[in-house]
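Report on the structure given below.
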Amino acid sequence: MAEPPRKVSGEQPEQQPVVVPNSSDEDAVMTSTPSWFGPKRLLFIFCVINLLNYVDRGIIASNGVNGTQRKCTDGVCKAGTGIQGDFNLTNFEDGVLSSAFMVGLLVASPIFASLAKSFNPFRLIGVGLSVWTLATTLCGVSINFWTIAICRMLVGVGEASFISLAAPFIDDNAPVSQKTAWLAAFYMCIPGGIACGYVLGGLVAGHFSWRWAFFGESILMLPWAILAFIIKPLPLKGFSDGVSEKVLTSGDILSHDVE
């Protein structure tokens, strides 16, 4: 009966092959997250932007900016104030003006959601914020009902990119145990922004002009719109980040399953 082979003194034990990871894969993982990124920092940025979005809603509805209509009693007419007074709006026109942003919001939201499949969603938010900033500035220089109504529609277009894409970013990056709390903080900016806008609109219009209320919110939003373009964009899970990906063939998939 053959004896098992004996270990020769000084012989090195057989070494298992070491698999060296592909350095390009490691680089891709390390560079997929921008250096500025931090989940809490992202939440803060999105909450500030959301707050400014709804400050605009409060401003357009405030007594100082919306104003009052021109009134005539016994042949004596009293000049109106705010947008209603300057443009001599009827009640119907005033109602249209307050809800005109919904036109742009409803039209642009599905468009931005579709574009997120081909373009980086963070850059799309930057585009939307730029449109929003331009539209609110134009609201401040509008000359009649139709010009300000069109500008209010463009405000909705700019808001659409942020509203449709910000919540998925928060859901992707929030700690699992705090997702609901983070989303609650994000959506609490809605009533908070409207309340702040209502107060700010009255203060600014009382001391300067209703037009300066729109100029002020444009100035406040401008740095965030610029930030969305100058920093490295953050990818959104499940969407293209603008970088071409390797397409797996049927042979690649089969060999992977066999392994």
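A Cβ is built for glycine as well, from the same backbone N, Cα and C atoms used for every other residue.
Copied over from TrEMBL:
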| type | residues | note |
| --- | --- | --- |
| REGION | 1-26 | region 'Disordered' |
| DOMAIN | 42-259 | domain 'Major facilitator superfamily (MFS) profile' |
| TRANSMEM | 96-116 | transmembrane segment |
| TRANSMEM | 122-146 | transmembrane segment |
| TRANSMEM | 153-170 | transmembrane segment |
| TRANSMEM | 182-205 | transmembrane segment |
| TRANSMEM | 212-231 | transmembrane segment |
Practice item. Take the transmembrane segment (212-231) and find every residue of the same chain, 6 or more past its ends, with a Cβ under 8 Å from one of its Cβ atoms. Key: 34, 36, 45, 48-49, 52, 55-56, 59, 62, 64-65, 122-123, 125-126, 129-130, 132-134, 136-137, 139-140, 197, 200-201, 204-205
**Study point:** Average model confidence [pLDDT] within the domain 'Major facilitator superfamily (MFS) profile' (42-259)
**Key:** 83
